[in-house]
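In TrEMBL this protein carries:
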type: BINDING; residues: 112, 116, 119; note: [4Fe-4S] cluster binding site
type: COILED; residues: 196-233; note: coiled coil
type: DOMAIN; residues: 97-384; note: domain 'Radical SAM core'
type: REGION; residues: 56-79; note: region 'Disordered'
């Protein structure tokens, strides 16, 4: 079938409102017209083509046919948009319900300085990754070319109904800071170039003329697919002032640190090659430069136990030397490709039971502060690759959510409270503030939430840095390290969407509040933002100017 116009018009006429309504209506229409059941993706593609059609669309009659077998469906006429149907046809809507869409890009296989016991080594794949992981499979399919990886992913997201205006670009694969500098710059340049290219009409040419990194970044400030956040993965012992300067030149806004544990004896037993002091130093340097800091933590390491693991997470949020903004909890996965496998075979390592892991992570989630987001729980490793242990539980987050509902407790982490698609424009919002000491500085977390604090709509992280001089541009300045409004991604420059809290001025209100706090409470007259390249225009409209990769404003 080349066209599904009739089915689309009938679905709109039927006024479907829920996924169940949609599924039932699709079955009825398929039976009525004696055609195969259409996928949401194919219907959505036809819907967009009809909406783009400039033929008059209002009051277009529905074409009835007794049998459409073997015939084209439809009239080819335009269509009045239906936000409700469009939302229902989106495949895996969760991908764009956090205010952005994530695009993961994998670096090529390259040696790593670490010799960690748990880390798998597989030929042709970056260390710590496996060839059957979804992101790795996409990278291999595109021959690890960052340009092709980004374009393929964006096209896939658009085809399944996601708005791709605001992109959180995630660079994964090995230790980023260990790759040659020239490769890193080439890699990021091609990522920006892919976002700056048109997704349609590029079959003849796989790439357009790619210019310098700075020029591609400049283009990205105005293009359709804007990189509003960029993250990399690295080891704590690779973070220093030189590396931080380079990360800013690349446009990086968040750093994922492979922390794993905060106890030196466990680090040593697992051959990490660094100590906890490097984690403390890296965290401070990154926060003083404005970066968001994510800790990758690994319970069930050799040398640890459930009691020790719980103590680790308690210390993360009671000791000012740590205080990460985000977490990834990756229980140690026992893989044949890792040195740990031999220890297990020799009876020198025992994974937790399923119950032990579930109980541990439940206790961890109960102590997470309001200002922390648990980004992931468990790695995206196929269960068949895991030899033994609870890391095989691929739906651990779901298991915990069901337990929370049953036992009536709620995780306070940001991800568990995001508004997602549950937005009601009439709901009263309250401004909350959390203040805490971190890395010799002061952190202020501002957020718009409902009264019960069970839903979060928008947030801002403000830092008053440590007394150390650090980056010249940031001297005598407060730093906005993050500003984020959640809910359905809303296209840049489009009219307000009643189904999403985006573009309602929440971010601007938080910025104004942070400016007041900076001046009145700390006597500072300058505020800087570690803005993603694609978000610079937003801050310009609020009086901020680009200075050495930061958006800076003098407070009058």
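Placement of Cβ uses the backbone N, Cα and C atoms for every residue, glycine included.
Unlike curated entries, TrEMBL annotations are predicted automatically.
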Which residue, of the binding-site residues 112, 116, 119, has its CB surrounded by the fewest other CB atoms within 10 A?
112
Given the model, what does the mean pLDDT over the domain 'Radical SAM core' (97-384) come out as?
94
Those same-chain residues, other than 112, 116, 119, found with Cβ within 8 Å of the centroid of the [4Fe-4S] cluster-site Cβ atoms are 114, 115, 118, 121, 127, 128
